[in-house]
Amino acid sequence: MDSPAGYRIHDNIPLPGNLDQVDVHVTRDDDYRIHVLPDVDRAVDALLTELDGRRAVVITDDVVADLHEGRVSAELAARGQLIGRTAIRAGEKSKSLTTAFELIDWLAEVNLARRDVVIALGGGVVVDTVGFVASAYMRGVPYVNMPTTLLAQVDAGIGGKVAVDHSEAKNLVGAFYQPKAVISCLEHLRTLDTRQIRSGLAEVVKKAVIASPELFDYIEANADDLLACASPAIDVLVHAAGAIKTKLVGRDPYEIDLRRPLNFGHTTGHAVETVTNYGPVLHGEAVAFGMVVAVDVARARGLVVPEVADRVTALIRRLGLPVALEELGAVPRVDDVVAALLKIRQIRDGSLRFVLPVELGATVIAEDVTEEEVRAALVRLR
């Protein structure tokens, strides 16, 4: 069933047994721990342990600042460890070089030293942007991710890929730079709206399709509880997603092999985000639609088991995520999405790589997907 221009990857990662922490092995110098904790008290305790007396700055956004930042900064200030705190404007448009340079200017103003720590408290935009800033300032200073959205806890805050967007493409300017620790507080998820929860669930569905049939079954069986962000379902999900991503990233932490199954849904998803100018479509929504496109291409090629194709699309729909162009927040034209994909191909050395599902836990990395195939899929999914 494999595409002649691709290779097949099998995975069957079980749900983790340890629901307190995940240890991440990258290299000898880059290992770190992911803490998944039920409440703010334990999250702050974990942060203080990881800081080990070092001073820190807190960078968040103007929404999270009102919800969660006060407690973190107050605890640091009480111990004489707070250098300063600042907030960027919430939203994808802040994930830019302009914001990054403004933050670097601020770090210089507060005299952040090489041994000091940068704390990224927020969603995907914050952890991506702040991680990039930490990688660049003084050739790299330590940072701790405290992701506050589901998407950041299950994906963006883990793995050490830090970047900002560019008008030409999403995540065009970035680095591989691992955090000192990741501290996820499940209590923070209670403040999210349903759309943000759905966006985060898209990234977990991605991991389930490519690497964990057991997790896919779990999401199907617990979809309503997950949408309600109810325990214990959401707790299991965050732990499982972190464990699965770290295992996959650990095999190729610096993307020496760019053909990775974690990019399932992201080829078209990034094109949609670029076309809609990083505004009305959330990242998880774009990835969800990108997965549906990949499933459609795989079905047209006769690669994917039909039952699996139906289950994946049905689960995405059940979670309230887009399965058609018209269901996106801003409806891009087929021609515009194709044009963005062709630009991505130019940036990525001429190959339009698609991760195509074969069955749950098995994917083909295809490097020969044509413009015509993608256009036909987009037309079918219009």
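Cβ coordinates come from backbone N, Cα and C, glycine included.
Copied from Swiss-Prot, the annotated features are:
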type    : residues                                         : note
BINDING : 92-95, 124-128, 148-149, Lys161, Lys170, 188-191 : NAD(+) binding site
BINDING : Glu203, His266, His283                           : Zn(2+) binding site
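Sequence features, as recorded in Swiss-Prot, placed on the structure.
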residue: Glu92; record: NAD(+) binding site; DSSP class: helix
residue: Val126; record: NAD(+) binding site; DSSP class: helix
residue: Thr148; record: NAD(+) binding site; DSSP class: coil
residue: Lys170; record: NAD(+) binding site; DSSP class: strand
residue: Arg190; record: NAD(+) binding site; DSSP class: helix
residue: Glu203; record: Zn(2+) binding site; DSSP class: helix
residue: His266; record: Zn(2+) binding site; DSSP class: helix
residue: His283; record: Zn(2+) binding site; DSSP class: helix
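Taking the Cα of Lys95 (NAD(+) binding site) as the reference point, the closest of the binding-site residues Glu203, His266, His283 is His283. The binding-site residues near His283 (Zn(2+) binding site), taking a 10 angstroms Cα-Cα threshold over the set Glu92, Thr148, Arg190, are Glu92. Apart from Glu203, His266, His283, the Zn(2+) site neighbourhood in this chain, defined by C-beta within 8 angstroms of the site C-beta centre, holds Leu151, Asp155, Ala202, Lys206, Gly265, Gly269, Gly284, Ala286, Val287, Gly290. Closest in space to His266 (Zn(2+) binding site), of the binding-site residues given as Val126, Thr148, Lys170, Arg190, is Lys170, taking the CA atom of each residue. Here the C-alpha separation of Thr148 (NAD(+) binding site) and Glu203 (Zn(2+) binding site) works out to 15 Å. Neighbour counts of Cβ atoms within 10 Å were compared for the binding-site residues Lys95, Arg190, and the top value is held by Lys95. Looking at Arg190 (NAD(+) binding site) and Glu203 (Zn(2+) binding site), their Cα atoms lie 18 Å from each other. On its own chain, Lys170 (NAD(+) binding site) has His270, Glu273, Thr274, Tyr278 as residues at least 6 apart in sequence with a Cβ closer than 8 Å to its own Cβ. In the structure as shown, the Cβ atom of His266 (Zn(2+) binding site) sits within 10 Å of 25 other Cβ atoms.
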